[in-house]
Amino acid sequence: MVESAKKFLRKVPIPICGLILGMVSFGNLLYSLGYATIGTIYCVLGSLLMILVILKIIFTMKHALSTLDDPIIASVSPTFTMALMVICVFLDRIFTNAAWINVLWIGAVILHFILMIYFVAVHIFPTKIELEHIYPSWFITFVGIGVIPNTSQLFINELGKIVFWVALFFYLLLLPILIKRITKSKEMPESTIPLLTIMTAPGSLCLAGYISMGGHLYMPLVVFLLILSQCIYGIVVVNLYKIMQVTFYPSYAAFTFPLVISATALVKVKPLFAEKVGLTSLLNILSTFELLLAVAIVSYVFIRYCIFLFQRENNTKKVELN
């Protein structure tokens, strides 16, 4: 029985952390909007999946670490630490001001930077990087730290204020490179196609983090990030149906968090334009649409993942990431 359990854990893909991140982030968003019950359900389901991933790491550590040899998986692996950070927000609602949650959050932050350093040391410095080696998942590695300012107000807010600018720097640095990668070098393995959705995430992540930090906001920066992130969101959504036509891969998890954080950023930005009636109406329409799309996609990917986990034996050849 122990061996069969380990066998199952080896089949749990690291990219599932992207789904966990999307589910718990969406649960936290729904909770903040007053939908406490359904928000908690999403958070609990995501947390249960996280327990599965932690068990995988503990009991099949050698196998789990070996997957990081794949540059794609290594670049999405920080979704594990990002998910832990947003789970800490959920846990803080249950165990208010518990010291161990602070320790868990700080541990997730440290581990995130370790994963960043690992990716650079193993998959960037030793090799000559060509344009075709770069994928949207690089945003996860380098801009994923934007989750820190989105959650730090409950833990170490000053750290979030510093990290925000680092995340913004990496976003503005990588964005033109990745746009060129997608438009000039269009050939991508089928399993990486869902990663295109990640293009929508970093701008909204930075915007939501900037607003979450509190204090004086530089409105031109808010407007810039809002327009940029929503334009990219629009382009991705227009192509979303076509992107989702690929065979199911664990990388389907990439469909979730980008759509959730885009909706989150809109919800956070709306109060800043409360006096502009026309703009507020537009933002209300957009945020409602993005919330509905997020709940549909997150729920769909969760169901597909459940089917995938129980049918993986029969579909191994179809779902390999590399």
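From the backbone N, Cα and C atoms, a Cβ is placed for every residue, glycine too.
Per TrEMBL, transmembrane segment is recorded for 12-33 (among others). Remote same-chain partners of the transmembrane segment (12-33), defined as residues 6 or more beyond its termini with a Cβ less than 8 Å from a stretch Cβ, comprise 39-47, 49-50, 52-53, 56, 64, 67-68, 73, 76-77, 79-80, 82-83, 86-87, 89-90, 93, 140, 250-257, 259-261, 263-264, 267, 291, 294-295, 298, 301-302, 305, 309, 321.
As annotated by TrEMBL, transmembrane segment applies to 39-59 (among others).
Taken from TrEMBL, the feature transmembrane segment covers 71-91 (among others).
Marked as transmembrane segment by TrEMBL: 103-125 (among others). Under 8 Å from some Cβ of the transmembrane segment (103-125) lie the Cβ atoms of residues 68-69, 71, 74-75, 77-78, 80-82, 84-85, 88, 91, 141-142, 144-145, 148, 151, 154-156, 159, all in the same chain and six or more residues away from its ends.
Here TrEMBL flags 137-156 (among others) as transmembrane segment.
Residues or ranges marked as transmembrane segment by TrEMBL: 162-179 (among others). Long-range Cβ contacts of the transmembrane segment (162-179) within its own chain (Cβ-Cβ under 8 Å, at least 6 residues beyond either end) map to 131, 134, 136, 138-139, 142-146, 148-149, 152, 199, 202-203, 205-206, 209-210, 213.
Listed by sequence, the residues of this chain that lie at least six past the ends of the transmembrane segment (191-211) yet keep a Cβ under 8 A from its Cβ atoms are 72, 76, 135-137, 139-140, 143-144, 146-150, 160, 164, 167-168, 171, 174-175, 178, 182, 217, 221-222, 225-226, 228-229, 232-233, 235-236, 239-240, 243-244, 246, 249, 251-255, 257-259, 261-262, 264-265, 268-269, 272, 319-322. As annotated by TrEMBL, transmembrane segment applies to 191-211 (among others).
The feature transmembrane segment is assigned by TrEMBL to 217-241 (among others). With a cut-off of 8 Å between Cβ atoms, the residues of this chain six or more beyond the transmembrane segment (217-241) that come close are 196-197, 199-200, 203-204, 206-207, 210-211, 255, 258, 262, 265-266, 269, 272, 286, 290, 293.
The transmembrane segment annotation in TrEMBL covers 248-269 (among others).
The feature transmembrane segment is assigned by TrEMBL to 289-310 (among others).
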